[in-house]
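Student: Feature annotation from Swiss-Prot assigns active site, proton acceptor to D14. Sequence annotations record features per position, and here Swiss-Prot assigns active site, proton donor to H42 based on sequence analysis. Taken from Swiss-Prot, the feature GTP binding site applies to 13-19, 41-43, R306, 332-334, 415-417. Look at Swiss-Prot and you will find D14, E15, G16, K17, N39, A40, G41, H42, T130, R144, Q225, T240, R304 tagged as IMP binding site. The Mg(2+) binding site feature in Swiss-Prot is assigned to D14, G41; the stated evidence is sequence analysis. The feature substrate binding site is assigned by Swiss-Prot to A300, T301, T302, G303, R304, S305, R306, with sequence analysis given as support.
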Amino acid sequence: MGKNVVVLGTQWGDEGKGKIVDLLTERAKYVVRYQGGHNAGHTLVINGEKTVLHLIPSGILRENVISIIANGVVLAPDALMKEMNALESRGIPVRERLLISEACPLILPYHVALDNAREKARGAKAIGTTGRGIGPAYEDKVARRGLRVGDLFDKEAFAVKLKEIIEYHNFQLVNYYKEPAVDYQKTLDEIMAVADILTDMVVDVSDLLYKATQKGELVMFEGAQGTLLDIDHGTYPYVTSSNTTAGGVATGSGLGPCYVDYVLGIIKAYSTRVGAGPFPTELFDETGGYLREKGQEFGATTGRSRRTGWLDIIAIRRAVQINSLSGFCMTKLDVLDGLKEVKICTGYRMPDGSVIETTPLAADDWEGIEPVYETMPGWNESTFGVKEHRKLPQAALNYIKRVEELTGVPVDIISTGPDRSETIILRDPFDA
């Protein structure tokens, strides 16, 4: 049997998953997106050329890799076509390398309209969504009224279903949010224009992955966002609308959980977050600005600047537990270069003075929490582009070792730059 590897974020997303997936797909036959939508932003740099993917799996740039958008992903046809066209204009044969589950829910214009109307209505209490219709599309899925890719095989029936659901959502848009209605005919025409392109890529993903595993082919599952944004286990309600954790692999792809052999958690050497929500180690001083500028912490999807802070081991430990992590890949270590000292959060001081070492579950319970830090010496030497473990500064090695000690999880991969070549692999997940 083949070895199946999951790559996911351990923080609030933006950990650098895309590069690592691209790197490891050199050995994989399939790369599978199993949750989220085009709210993800995965940046790849190959031989100096930058590619940003939102919906298509990061394996698409590899000749011998099949990329799969599985049933757990909410699919926006317009976003997919835009991404496909951009890649095809560069000579990448996307339609030969991409497969789609017919069970993928569709994101349509009324989902986007609802998403933005709700954020506008929340005002100061806005969650900070990407405004791309992700949440409303998942709502329709759970309410069993959503349209899926498979519905496009019967265009007449699709048109009837679309009319019913647009009337349903327009009632809310117009009467409650006082926003314009979504035009039915325009929406229908747009989706019909690409219907055949989508259905031509449809495959039974669950069956395909099961047979691939039985044949010994290697499968990689590419997570989007991060553990702390999981709908169930994240800082609710400041979360995304899907299961970003390892448990989402089985439900989001149709391959049983026993077929997962290794879970790689991507851990940025410091913390970042986009949008509202708890962030105990957030920095508002010069150091926070330094991390943001040096780390180029601006969203690949929205362009929004990210909040920055020190590494939070308490939150990382939660990710270890939930995902049963096999190993870490530490990214952006080079951003810490030049700092006199680096800090790691090892506890939370509660308003009553007590110190806890677990994360609260509800967002309100995070109020008043102060981080308890362990301070370590920084390093002046550059780690950027270093490709050998022994050539890293001793202080940087000590930092990595301390993370391993505090979490009980080995750092198997270290990323020292954006290019796929700027990586130190201590243990390959496919060989672990």
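Any Cβ shown, glycine's included, is placed from N, Cα and C.
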Student: When the Cα of T416 (GTP binding site) is compared with the Cα of each of the recorded positions N39, G41, H42, T130, G303, which one is closest?
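Tutor: Smallest Cα separation from T416 (GTP binding site) among N39, G41, H42, T130, G303: H42.
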Student: Could you work out which of the binding-site residues (N39, T43, T130, Q225, S305) has its C-beta surrounded by the smallest number of other C-beta atoms within 10 A?
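Tutor: Lowest Cβ count within 10 Å among the binding-site residues (N39, T43, T130, Q225, S305) is S305.
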Student: If you measure from the C-alpha of K19 (GTP binding site), which of the recorded positions N39, G41, H42, T130 fall inside 10 Å?
Tutor: H42
Student: Filter the recorded positions G41, H42, T130, Q225, R306, L333 down to the ones within 10 angstroms of D14 (active site, proton acceptor), Cα to Cα, kept in sequence order.
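Tutor: The recorded positions close to D14 (active site, proton acceptor) (Cα within 10 Å), listed in sequence order, are G41, H42, Q225, R306.
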Student: Cα of H42 (active site, proton donor) to Cα of G16 (GTP binding site): how many Å, rounded?
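Tutor: Spelling it out, the Cα of H42 (active site, proton donor) and the Cα of G16 (GTP binding site) are 7 Å apart.
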Student: Near G16 (GTP binding site), how many other Cβ atoms are within 10 Å of its Cβ?
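Tutor: Counting Cβ neighbours of G16 (GTP binding site) within 10 Å gives 20.
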Student: Quick one: Cα separation, N39 (IMP binding site) versus S305 (substrate binding site), in Å?
Tutor: 15
Student: Got a sec? Which of these binding-site residues, G13, G41, has the most Cβ atoms within 10 Å?
Tutor: G13
Student: Which residue, out of the recorded positions K19, H42, R304, shows the minimum number of other Cβ atoms inside 10 Å of its Cβ in this structure?
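Tutor: With the recorded positions K19, H42, R304, fewest surrounding Cβ atoms within 10 Å: R304.
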Student: In Å, how large is the greatest distance between any two Cα atoms among D14, E15, G16, K17, N39, A40, G41, H42, T130, R144, Q225, T240, R304, the listed binders of IMP?
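Tutor: Comparing all Cα pairs, the maximum is 34 Å.
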